[in-house]
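I have placed the structure first, in the form of structure tokens, so that the comments after it can refer back to it.
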Amino acid sequence: MNKLLCCALVFLDISIKWTTQETFPPKYLHYDPESSRQLMCDKCPPGTFLKQPCTARRKTVCAPCPDHYYTDTWHTSDECLYCSPVCKELQYVKQECSRTHNRVCECEEGRYLELEFCLKHRSCPPGFGVLHPGTPERNTVCKRCPDGFFSNETSSKAPCRKHTNCSAFGLLLTQKGNATHDNICSGSSESSTHKCGIDMTLCEEAFFRFAVPTKLTPNWLSVLVDNLPGTKVNAESIERIKQRHNSREQTFQLLKLWKHQNKDQDMVKKIIQDIDLCENSVRRHIGHLNLTFEQLLKLMESLPGKKVTTEDVEKTVKTCKSSEQLLKLLSLWRIKNGDQDTRKGLLHALKHLKTYHFPKTVIQSLKKTIRFLHSFTMYRLYRKLFLEMIGNQVQSLKISCL
């Protein structure tokens with residue numbers, strides 16, 4: 001009896017494996033009335049419907065689905081499925097209807113589908129951070145910030161951030177943070193000014209880039225070196241600049257080094273004074289923005305080339321005043337991307353920020369800054385300080401290169 005039972009189980013196992021074994025094209029059992037036999041017919045592929053089942057003399061006949069109809073699997077149906085109608089309010093077409101798939105609708109950025117409605121993602125209040133960001137299918141999941149972490153903003157994307165380690169910045173803990181506030185460190189304003197040093201401001205970069213001719217002659221850099229007043233940049237430094245940077249970037253790097261070597265000269269002090277006036281204008285455009293940590297991070301991600309890291313953004317937020325944070329991060333980006341032009345980088349970022357639903361006031365302020373850095377005001381400053389300073393010889397050379 002046991003032997004018979006074992007044989008039956010083995011036979012059943014073999015039968016199951018045979019019937020479930022994958023074949024291509026997939027098959028199905030069909031009774032053929034002509035031959036009075038059960039036949040293994042081919043199923044119809046996606047994008048078609050079953051027009052005629054197979055017979056002993058003919059294979060399965062499939063026909064294409066008509067417009068606005070589809071099938072998305074191998075099947076045995078004699079009709080196609082009708083595509084879903086147009087998308088609902090606050091949805092967009094993620095995938096259009098075709099013969100092989102249905103129309104796919106999805107809620108707009110920042111919303112998720114609940115029953116038949118696209119609802120706005122939940123924003124986590126101060127003291128709570130995002131555990132799971134919202135998707136088109138589910139709402140944001142918030143979690144109370146644990147000990148040692150905080151969130152001081154209402155956001156649908158920002159997680160809890162770790163309290164500042166004051167000692168890591170050489171500061172003393174004045175007031176311990178909680179779920180809604182960061183630690184407060186003593187001497188933060190004085191130390192921030194020092195630690196938030198910006199390698200080169202936007203105005204300095206724009207000013208020095210105006211000195212780069214549209215078309216460069218082979219001896220442009222040599223003529224510039226010979227005509228710059230004050231302490232000359234040595235040959236070793238010039239050679240290093242030539243090896244590390246492309247031809248257009250070389251002029252910018254040379255002027256940056258020359259300015260550093262002659263910072264005590266009256267002519268350079270005059271340049272710095274006028275550039276400071278320019279910086280005041282830039283700060284009027286972007287110094288008041290008070291971007292959140294999340295917004296600063298998204299802006300850095302939108303810039304081309306090598307990225308400023310999350311750790312860099314965190315450190316900048318903790319050591320720089322709010323009016324200096326964006327300028328500092330742009331300076332860090334430029335350092336990471338040696339030959340990149342910050343103004344062009346911002347132009348690239350603006351195209352992407354629009355898709356992230358970035359605040360319009362921020363985008364408008366960035367646009368104004370970009371226009372200002374490439375305006376006649378900057379060119380006039382360049383002519384006043386640079387061309388007059390290095391003389392008519394270099395001016396003639398630059399004009400002949402334009």
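If you go along the chain as it appears here, the first residue is 1 and each next one adds 1.
Glycine too: its Cβ is placed from the backbone N, Cα and C atoms.
Considering ASN152, ASN178, the record held by Swiss-Prot lists ASN178, annotated as N-linked glycosylation site. Among the candidates CYS107, CYS118, CYS142, the disulfide partner that Swiss-Prot records for CYS124 is CYS142. Swiss-Prot marks one residue of ASN165, ASN290 with the annotation N-linked glycosylation site, and that residue is ASN165. All protein chains shown were included, and the count of other CB atoms within 10 Å of the CB of CYS65 (disulfide bond) stands at 22. Taking CYS41, CYS54, CYS105, CYS118 as the disulfide-bonded residues under consideration, the smallest Cα distance to CYS142 (disulfide bond) is found for CYS118. The Cβ of CYS118 (disulfide bond) lies under 8 Å from the Cβ of LYS88, GLU89, LEU90, GLN91, CYS107, GLU108, ARG111, TYR112, each of these being in the same chain and 6 or more residues away along the sequence.
Ranked by Cβ neighbours within 10 A across all protein chains shown, the disulfide-bonded residues CYS97, CYS105, CYS145, CYS166 are led by CYS145. Straight-line distance linking the Cα atoms of CYS124 (disulfide bond) and CYS160 (disulfide bond), rounded to a whole number, equals 10 Å. With respect to their backbone Cα atoms, CYS145 (disulfide bond) and CYS62 (disulfide bond) stand 59 Å from each other.
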